[in-house]
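To keep things clear, I will list the structure first and then write my remarks on it.
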Amino acid sequence: MVYDPIRDCDVPAPHISAPPLSRSRSPPPPHRTPSASGSLRGLLNDSPPPREPPRAASVHEDAESHRPKLSNILNDAEPPRQRSMLPPQQPIHAELEHGRRTSAGSHAAQLARSPSMSLSPRSQNQSLPYPSSRPGSAAGSAHPFGYDPRQGTLSPVLSARRTSEDQPRPTSSSSASGRRYTEPASQTPAPAPLGSSAYRPRHTSTPGNPSSAYAPRFTPQPTTTPSSPSTSQHTPYTPHHSAPPRILHYNPHRQSAPSSVLRPIYPDEVAHLRQLAHANNPLRQKPAARRYSYSGGRAPEPTPTPRTSLPGENDHSYFPPQWDDRPSMPPSEVSYGGPPSSTPGAPPSGYSQYPPNWEAQTPGGNWNGERPGRLGKRRARDEEDDEYERNKRVVSGPVAGQAYSKKVTVVAEHYNSRPEVGVERREFSPIIGLKKFNNWIKSVLIGKFAYRPRGKVLDVGCGKGGDLNKWKQARIALYVGLDVADQSVQQAADRYRRMPKPGFDAFFYAHDCFSNPLSDVLSPELQIKDLYDNVTMQFCMHYAFENAAKARMMIENVSRYLRRGGIFIGTIPNAELLLQLPDRDEELRFGNSCYSIQFTERRHKGVYGHDYRFYLTDAVEDVPEYLVDWENFVSLASESGLRLVYKKAFHEILQEEKDSRDFGPLLGKMGVLNEYGESAMDADQWEAANLYMGFAFEKM
């Protein structure tokens with residue numbers, strides 16, 4: 001024992017004196033055991049025994065560490081020196097208090113920290129780039145300070161430099177104070193001087209700080225004492241920002257060109273929508289110009305433009321979509337009457353003018369010319385009384401003093417005697433196949449040449465109104481029907497009344513259109529020149545070729561009321577086929593079980609009046625008819641400004657239109673063909689059908 005004057009106590013006397021401190025010494029081997037002889041090197045704790053990393057210090061060991069020892073006395077005044085970058089072999093400092101070394105739940109690496117060691121700034125700011133453990137971390141090494149030579153140790157000294165893990169490490173380096181040390185070739189490079197500008201510590205790590213994603217790497221710092229104020233002050237903190245992450249520009253590979261699910265609106269569609277909006281807006285509509293007045297005003301003549309080309313199959317369809325695009329009117333304002341009647345005491349002008357605006361008609365029937373709403377104020381009893389009067393005005397009989405010729409009277413009496421059997425009983429006709437085929441032919445002609453929309457039709461020889469529904473499908477605005485048989489005209493008017501929402505106005509007159517002008521029977525508002533878009537004559541025009549006067553009157557009535565560009569359509573027997581009589585046939589008769597034709601003479605002088613008797617089962621009962629000389633007919637039409645645009649026999653029309661988009665499906669809808677594609681006509685009916693042909697003329 002020796003007396004220590006500084007501590008004022010006896011301390012054990014050392015047997016071996018401490019060797020002089022060297023400026024350069026090699027680090028001790030990692031697992032050196034202390035000398036058993038109690039030498040001074042063993043007392044200096046240069047080579048502490050290996051410790052179990054997760055084991056905490058006991059209370060006895062903590063008390064022993066605070067005992068006065070010569071090593072503590074000799075090491076208190078040791079000057080600061082640069083330490084190696086290697087992890088310290090004594091992870092637990094002797095002066096570390098017990099509570100900070102044994103904190104519950106802390107990691108084993110936190111127990112090995114020293115107050116004089118700081119974490120690398122890169123280890124605090126960077127996250128783990130991959131899920132596996134990094135070399136040197138507590139999870140990837142058996143020892144908390146395990147080291148893998150394949151990875152370089154990051155240091156605060158090198159945090160501001162560009163590091164390379166593949167660069168070979170130096171075996172020795174020199175510190176700022178000249179002290180040298182030696183380390184393995186795979187260890188970290190030598191630290192820069194403490195006062196170098198390349199390193200400024202971020203903060204001093206304490207055991208309570210949480211560890212980062214990387215394993216803690218400690219850099220030994222000089223031991224500071226309270227007596228040295230210069231070492232208690234740290235360099236001011238300088239924020240250190242990591243390098244910005246690499247930005248990859250968004251440039252995906254497109255599989256297709258960019259597009260939109262929205263349907264674009266084209267300029268023509270916009271113009272169409274604006275036109276519809278303008279027509280439906282009452283504030284933008286101008287008052288209709290006065291067309292006719294019973295006060296004596298003259299109606300302005302329309303100025304239609306001639307047709308530039310013939311209508312094609314793609315221009316329109318015979319069955320366009322049907323909808324009510326006109327405003328509906330109360331039932332009390334719907335009239336089936338013919339000529340308008342003015343209210344007594346009412347002014348002759350104003351709403352009594354006629355014809356009305358055909359483009360704004362009611363879907364139920366005729367407009368009677370009275371102010372809207374007036375009939376709605378009448379009592380129901382008055383309306384019932386007026387209904388009878390309106391029904392009486394539907395048909396106008398022959399003009400007073402008009403006398404029919406004997407042959408015309410025979411024809412009129414024949415058709416008047418034909419009963420109206422209706423659609424149901426018509427199916428039992430022995431020539432139902434031929435009738436349906438003739439209706440299909442008329443539908444083709446109407447579909448090809450009808451004026452759309454809101455056309456005006458003059459039907460000469462309307463019969464019982466069998467074509468009313470066909471013209472309804474063409475969406476016409478006005479229909480005027482005339483026939484020589486007054487009973488047939490009455491039946492046509494009755495059929496029109498039974499139509500649900502016909503969509504057009506209809507007027508019917510009993511009149512001989514081949515002997516007298518139409519102005520004798522038509523009301524003033526319906527006999528305006530160039531008023532009609534279509535004039536039709538179906539299976540009746542051949543009656544006009546009794547003489548030249550009737551033929552010319554027929555052409556005059558057509559040409560006068562047909563506008564420029566309007567179409568005149570019709571069906572007539574083919575005179576060339578009828579004149580193909582056998583030379584040895586003395587009876588001048590031919591036909592089959594369906595029809596028969598008998599001439600009175602084989603050769604006839606002139607082009608008019610060549611008559612024959614025609615019989616058709618369940619249709620025509622031996623009435624006189626006349627051949628139509630085609631060349632003469634075309635010549636008469638040309639004199640009146642009508643140009644031939646269409647001429648085909650019935651079998652040619654069938655061959656041409658049976659596969660068309662518009663008229664091919666009509667063969668099945670109208671019953672010409674059944675579901676198996678079989679025709680309802682037999683050979684005799686087909687022979688009778690081929691006796692006729694269809695035509696169309698355009699007014700120039």
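Cβ from N, Cα, C; glycine included.
Sequence-distant contacts of Asn439 (mRNA binding site), defined by Cβ-Cβ distance under 8 angstroms and a gap of at least six in the same chain, are Gly466, Lys470, Met670. Residues annotated as mRNA binding site in Swiss-Prot: Asn438, Asn439.
Residues or ranges marked as S-adenosyl-L-methionine binding site by Swiss-Prot: Lys442, Gly461, Asp483, Asp512, Gln538, Tyr543. Within the same chain, residues at least six positions away from Gln538 (S-adenosyl-L-methionine binding site) with a Cβ under 8 Å of its Cβ are Lys442, Gly461, Gly463, Asp467, Gly570, Thr571.
Summarising the annotation, Swiss-Prot assigns compositional bias 'Basic and acidic residues' to 1-10 (among others).
Sequence annotations record features per position, and here Swiss-Prot assigns compositional bias 'Basic and acidic residues' to 52-67 (among others).
Annotated compositional bias 'Polar residues' per Swiss-Prot: 113-128, in sequence order.
If you look up Swiss-Prot, you'll see 129-144 (among others) marked as compositional bias 'Low complexity'.
What Swiss-Prot records for 220-241 (among others) is compositional bias 'Low complexity'.
The domain 'mRNA cap 0 methyltransferase' annotation in Swiss-Prot covers 429-700.
Swiss-Prot lists 1-263 (among others) with the feature region 'Disordered'.
What Swiss-Prot records for 277-392 (among others) is region 'Disordered'.
Marked as site 'mRNA cap binding' by Swiss-Prot: Lys464 (among others). A simple way to gauge crowding: the CB of Lys464 (site 'mRNA cap binding') has 22 other CB atoms within 10 angstroms, across all the protein chains here.
The site 'mRNA cap binding' annotation in Swiss-Prot covers Lys470 (among others). For the recorded site, Lys470 (site 'mRNA cap binding'), the DSSP three-state label reads helix.
Listed in sequence order, the residues of the same chain lying 6 or more apart from Arg495 (site 'mRNA cap binding') and placing their CB within less than 8 Å of its CB are Lys464, Gly465, Leu468. The feature site 'mRNA cap binding' is assigned by Swiss-Prot to Arg495 (among others), with sequence analysis given as support.
DSSP classifies His542 (site 'mRNA cap binding') as helix under the three-state reduction. Residues or ranges marked as site 'mRNA cap binding' in Swiss-Prot: His542 (among others).
Under 8 Å, Cβ to Cβ, and six or more positions away along its own chain, Glu625 (site 'mRNA cap binding') finds His542, Tyr543, Pro573, Asp611, Tyr612, Arg613, Phe614. Feature annotation from Swiss-Prot assigns site 'mRNA cap binding' to Glu625 (among others).
The annotation site 'mRNA cap binding' is assigned in Swiss-Prot to Tyr692 (among others) on the grounds of sequence analysis. Counting Cβ atoms from all protein chains shown, Tyr692 (site 'mRNA cap binding') has 19 others lying within 10 Å of its own Cβ.
DSSP states for the compositional bias 'Basic and acidic residues' (1-10), grouped as helix (H, G, I), strand (E, B) and coil, give 0 helix, 5 strand, 5 coil. Spacing of Asp483 (S-adenosyl-L-methionine binding site) relative to Asn438 (mRNA binding site) is 19 Å (Cα to Cα, whole number).
The Cβ neighbour count for Lys470 (site 'mRNA cap binding'), using a 10 Å radius and every protein chain shown, is 20. Spacing of Asn438 (mRNA binding site) relative to Tyr692 (site 'mRNA cap binding') is 10 Å (Cα to Cα, whole number).
Between the candidate binding-site residues, Asp483, Asp512, the densest Cβ environment within 10 Å is the one around Asp483. The number of other CB atoms found within 10 A of the CB of Asn438 (mRNA binding site), across every protein chain shown, is 21. Counting every protein chain shown, 22 other Cβ atoms lie within 10 Å of the Cβ of Gly461 (S-adenosyl-L-methionine binding site). Neighbour counts of Cβ atoms within 10 Å were compared across the recorded positions Lys442, His542; the minimum falls on Lys442.
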